[in-house]
Amino acid sequence: MLRASAMRAAVLHLTVALAALLSSCTTVSCLKIVPEEKQLILAEGSSLSLTCAGSSETTWDLKSDDVPFFQMKAESSDLNYKIVQSNSTASVLTLWHVDWKNTAVYQCREQLTGEIKEVAVFVPDRFSPQTLRFIESSHGMVTKTSGESTVPCVVTNPNITVTLYDKDTDLPVNGVYVPSEGFKAYLDYRTYVCRGELNGEVKESQAFNVYSIHVPEDIDAYVNASQTVLKQGEPLTVNCTVQGVELVLFSWDIPNRDIVKHKPETVVLSATTMRSCLVFPHATVAHSGTYVCHAHESTQDQKAFASVNITVLERGFVAVKSTRKQNITAELQENVELRVEIEAYPPPQIRWKKDGAPVRGDKTIIIRQEHEIRYVTILTLVRVRTEQKGLYTALITNEDDVKEVTFALEVQVLARIKDLTDHHLPGKKQLVTCVAEGVPTPTIQWYSCDSMLKCNNQTSLWQQLKADPELLSIHTSVTEARQTNQVRSQVTFFKPQHTTVRCETTNQEGLIDFRDVKLVSSSLFSQVVLLAVVLTLVPIIIMSIIILIAVWKKKPRYEIRWKVIESVSQDGHEYIYVDPIHLPYDLAWEMPRDNLVLGRTLGSGAFGRVVEATAHGLSHSQSSIKVAVKMLKATARRSETQALMSELKIMSHLGPHLNIVNLLAACTKHGPLYLVTEYCRYGDLVDYLHRNKHTFLQYYLDKNQDDGSLISGGSTPLSQRKGYVSFGSESDGGYMDMSKDEPAVYVPMQEQMDTIKYADIQPSPYESPYQQDLYQEQGGGRVDLVISDSPALTYDDLLGFSYQVAKGMEFLASKNCVHRDLAARNVLICEGKLVKICDFGLARDIMHDSNYISKGSTFLPLKWMAPESIFHNLYTTLSDVWSYGILLWEIFTLGGTPYPDLPMNELFYSPLKRGYRMAKPAHASDEVYEIMKRCWDETFEKRPDFSFLVHCVGDMLTDSYKKKYSQVNETFLKSDHPAVARTKPRLSSPFPIANPAFGSPSLVGLSDFPDPYNQNTRRFRNEAEVQEGVTSFNEYIIPIPDPKPEKS
């Protein structure tokens, strides 16, 4: 009690004295310590009060050799000092019961100006005041600089005489000794000791080793933790690392210091890297907070700090956020992306469900960790269908919490009128019934007009019908089905009408469908009908027969798109094609039907289907291989059978090539016609790009952090980078061709000729992710025909696809073969990113495919057709070059639909005639886009040929890729592949190599382009022919002269 009173009195006395002192301080330096002594000698067990005041807040620091900058706490129960903030600018440091351990330099720092004042305190040993004592240094190291260095041999009594000696030679060193700091001298890289002498007693200090260290201009500290979010009981490690300096001292500010016990450990990682570690084997909630690491380099007095925030949870959590509305409306065939952002710890399990059942089939699910506790999951529905509407739920769980997000998806189907009929009811009533379908449920409005001729051009003359008890009644009913909603509306006229009635339906603003029906009175109607029946019965029958024949002839028929050119006119604008019916068929292609085991349907169209099958006995090296079998439907007409037979003859005469879907065998006898071709397990290129788009974007999102690899506005084209391409087996997703959600039904092969029923074959689900070993055991894989095994879709892959398609088209052009439907949907992906060109029209419902537009009895892919094909019905290999440019646009937009800004109606033609061309895709380099523009030259003679395109695209590829392609091609041609083996006796294809000028820009046409790519066109083609290793001849096709370009 007396001690406390005395201390308060001393503090009051010092405060009054200090106030008087500060009243006279200048504006330059107001920081003062009272008492104003540079050093104080205290008796052991005594007390001391030091008051520091300035013009702003002041703090007390302890300066020592081991901890050059250690901020003292305001209060501490386990230490013999206390700091009291007497006012906003003054603080008092009180020491009591001091001993030799309190020997140190105490610093007062003004926060606003950074000014420092210090006082040295010495406490000699009370029991033996004359005893020599050095303050031990924990490291015994001295850093050498260009000037003086300080050996920190600090004593507890300033009266001790201290001398510095070289430990090895025992020779004294000249210098200056400061009791509170140590011995200052010019030192070498040696070991030194201090000797103290007092009243005849001599004692040596510990040894100090002098080191030379690299001192950077400034230092940076980096703090990281094993986890910034964790649960209590889990281990926690916090590291503070400093690089580029050889020696640095660490100190930590940690949360809840009174509760959390810590003992930092310093580790030297390398000659210029040090780390301080805090290790807590079992973290608690008290460990939550901000950890601040202070690093100090004492040679140049450089300081740095860094911090990290740690959160220790009592239990785990899950928090979710959807990035779009949860009630979603999508148009038919639109791609829908459902995205959920998640914060969770521990790491969550994420599952998607549709209407309570696990999601499977043609949906792409991405789960990506974006931060330590942040995740994102994306469910993508590609080309959404009506049956895919419903509730999609993302279920996120971990061991402590469960959350879910549900999206209600409605697939919008444009309203259309399905049926409009009128009936005469008893009592001279008339009933008009209109049936409309759509999603959301469409509305129906009724209108009438007395003059049909006038109303056709004057929509304002139509009068809306409303229910009237005396004239008419309107009754409407709605039926909701799984795929679409149906509305049935009926108008009943109570009196005979002689008018035109219109049914109009809509379910979207501005989009209306309507139909008209003309009503006549019942009496007049009966007379007209009777007279018509009597007078025109026979003519009607005759006309009906004629109409049926005409309709039957106009009905779209299956036809092979590929055409083989026989001859061309001198001006290059008239072509004669070979009639495939006149080509012979070699029975060597025949295979027994019982060697085929049919499986699931890969694709189905209006005319036929393609079925997966297992073929036995086609190859000597494999007992069975997986194949695709083309066949017609049971309703096929003779002309369609002839078309499929023509396709067989053309494919058999073309010969094998690595980049076309090759013919393997055929069954033409004793049953339906089968074409057995290669099986491409990853489907068409459009779906492949859609399904792997996320790997492309994620790959370059990761790489952008290092070298900005993704092609965009001003970035460096990837074509200028020679990247490494590895080769192995494909494993990027396992997607099947043309597959659906329904389970597959496998159909065994039967020897029942025409009695086989294929209607039961159902579309298959997508295969599970690729498993190479299993696939090879089934006989479907060829490990020596693999281009790339990269699981991600890269820019090099896009170039590789373009290159392989150009190689395949170069082969077809060399055979005078025009594809006429070159598009990404007709390019299939096989094992190892091997690309093959095909004509998949048989298994595609082109009558309901928006990519094909009806014209007469055929359907045309307008967006991919060259102008001369659209407007003049002229098809050449150069019109295929135009289509190749569109295919490049598809590839480098990752599966985009061409001409997204143009409608598919009569407005499509005008921009094309005016020279409209699509803009550069986001992922295409300038070189690739330049090739596209060359392919889209309006004058077809000026377009490059495929040999030139192979050269251009090949120049953008790495040498390793082209070398691997050549090795794969050579392996293919030397293998016992069924397509190669069946043509080896002939040594070549029956079609000749095209005339060097055919189907390519002549020298006159190319002279308009002073581009080095357009030189030596014949040389490119000749080199390509040598690489293919196939000598061509053909007795059916006459040589084709050079086309002459039009003169301007």
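From the backbone N, Cα and C atoms, a Cβ is placed for every residue, glycine too.
Note: Swiss-Prot links CYS434 through a disulfide bond to CYS503 (candidates: CYS293, CYS455, CYS503).
Between CYS293 and the candidates CYS240, CYS277, Swiss-Prot annotates a single disulfide bond, the one to CYS240.
Record source Swiss-Prot places CYS52 in a disulfide bond whose other cysteine, from CYS25, CYS30, CYS108, is CYS108. Listed in Swiss-Prot as the disulfide partner of CYS153, from the options CYS30, CYS194, is CYS194. According to Swiss-Prot, of the residues ASN87, ASN969, ASN87 is the one noted as N-linked glycosylation site. Rounded to a whole number, the distance between the Cα atoms of LEU602 (ATP binding site) and ASN87 (N-linked glycosylation site) is 86 Å.
Other C-beta atoms found within 10 angstroms of the C-beta of SER604 (ATP binding site) number 21, with every protein chain shown included. Here the candidates are the recorded positions TYR575, VAL610, TYR852. The one whose C-alpha lies nearest to that of ASN327 (N-linked glycosylation site) is TYR852. DSSP assigns ASN224 (N-linked glycosylation site) to a strand segment in the three-state reduction.
Put simply, SER604 is the one of the binding-site residues LEU602, SER604, VAL610 whose Cα lies nearest to the Cα of TYR852 (phosphotyrosine).
Here the Cα atom of VAL610 (ATP binding site) is found 27 Å from that of TYR577 (phosphotyrosine).
Least packed by the Cβ count within 10 Å, out of the modified residues TYR575, TYR577, TYR852, is TYR577.
Across the domain 'Ig-like C2-type 2' (216-309), the DSSP tally of helix, strand and coil residues reads 3 helix, 52 strand, 39 coil. Distance noted between the C-alpha atoms of ASN309 (N-linked glycosylation site) and LEU602 (ATP binding site) is 55 Å.
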